[in-house]
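Participant: Pulled these from Swiss-Prot:
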SITE      Ser41  site 'Part of a proton relay during catalysis'
BINDING   Thr42, Ile198  pyruvate binding site
SITE      Tyr103  site 'Part of a proton relay during catalysis'
ACT_SITE  Tyr129  active site, proton donor/acceptor
ACT_SITE  Lys157  active site, schiff-base intermediate with substrate
Amino acid sequence: MHLLTATVTPFFPNGTIDFASLERLLSFQDAVGNGVVLLGSTGEGLSLTKKEKQALICFACDLQLKVPLFVGTSGTLLEEVLDWIHFCNDLPISGFLMTTPIYTKPKLCGQILWFEAVLNAAKHPAILYNIPSRAATPLYLDTVKALAHHPQFLGIKDSGGSVEEFQSYKSIAPHIQLYCGDDVFWSEMAACGAHGLISVLSNAWPEEAREYVLNPQEQDYRSLWMETCRWVYTTTNPIGIKAILAYKKAITHAQLRLPLSIEDFDLENVSPAVESMLAWPKLRTSVFSYS
């Protein structure tokens, strides 16, 4: 079982990137052995300028992490997405997370042609991202079937919220690595053969998340994990997890970029979420503590 952390992008109150907090987050994930995904929806990738994204990725690569590092490629303008892929091709990353184009709602042929274009441009393997709640369309099963043997098609991150659809992806492309993209569904998707979890909660609890990923049917882990999810996921991601990280002093500020706002999260949820994870069974080895 593998764990990748969908990493937040820390900001100062003036909106600039807090690179010191980012380094702290990445170093902790590296110490535990969790891979990282940068500039996805949790990383507010669509809210960063091209120069900011370039600076962030180069900064992360300069840290020489020992764990896999994946980079998000969200966008709707193909020329810009291809330009971003070409920039990242020359960097020592592990691969891309390629999101179904948002807002435009492509049908089957358009989606296949889009992913063909971005996969053909990539020199690193890619995980395609099924996220219909944000993209307004799913990663179609026939798209997966058409691209199943593309040499750069490594896997799928499934945040569709359906175990049945997850199983359909697996039956169509059994050789593709399937990642659960929702913290709340890890136990069910692990039982269906998931390769791993791409987690948001692991930003704040990297060791606990790793234990749960390795032991998805352990009832004590599952109960505490689900209780924490109940408090964190009361609003749009990454608002809740940034509030948690700031509370735990993992990042300096819970700053987000508009249209996201910390005002859309009840800060009274922070303490119960943190307290619920304090009941986690004592880890065999502890690498660090945020607070």
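For all residues, glycine too, the Cβ spot is worked out from N, Cα and C.
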Participant: Would you please pick out, from the recorded positions Tyr103, Tyr129, the one with the fewest other Cβ atoms within 10 Å of its Cβ?
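Facilitator: So among Tyr103, Tyr129, the recorded positions given, the one with the fewest Cβ atoms within 10 Å is Tyr103.
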Participant: As a test of the contact definition, list every same-chain residue at least 6 positions from Thr42 (pyruvate binding site) whose Cβ is closer than 8 Å to its Cβ.
Facilitator: Ala6, Thr7, Val8, Val200, Asn203, Asn237, Pro238, Ile241
Participant: Using all protein chains in view, find how many other C-beta atoms are within 10 Å of the C-beta of Lys157 (active site, schiff-base intermediate with substrate).
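Facilitator: Result for Lys157 (active site, schiff-base intermediate with substrate): 28 neighbouring Cβ atoms inside 10 Å.
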Participant: Which residues, sitting 6 or more apart from Ser41 (site 'Part of a proton relay during catalysis') on the same chain, put a CB under 8 Å from its CB?
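Facilitator: The list for Ser41 (site 'Part of a proton relay during catalysis') reads Ala6, Gly72, Ser74, Thr99, Ile131, Arg134, Asn237, Pro238, given in order along the sequence.
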Participant: If you count Cβ atoms within 10 Å of the Cβ of Ile198 (pyruvate binding site), leaving out that atom itself, what do you get?
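Facilitator: Taking all protein chains shown, Ile198 (pyruvate binding site) has 29 Cβ neighbours within 10 Å.
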Participant: Compare the C-alpha of Ile198 (pyruvate binding site) with the C-alpha of each of the recorded positions Tyr103, Tyr129, Lys157, and give the closest one.
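Facilitator: Ranked by Cα distance from Ile198 (pyruvate binding site), first place goes to Lys157.
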Participant: Determine, to the nearest whole angstrom, how far the Cα atom of Tyr103 (site 'Part of a proton relay during catalysis') is from the Cα atom of the residue listed as 'active site, schiff-base intermediate with substrate'.
Facilitator: 19
Participant: Three-state secondary structure of the residue listed as 'active site, schiff-base intermediate with substrate' from DSSP?
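Facilitator: In the DSSP reduction, the residue listed as 'active site, schiff-base intermediate with substrate' maps to strand.
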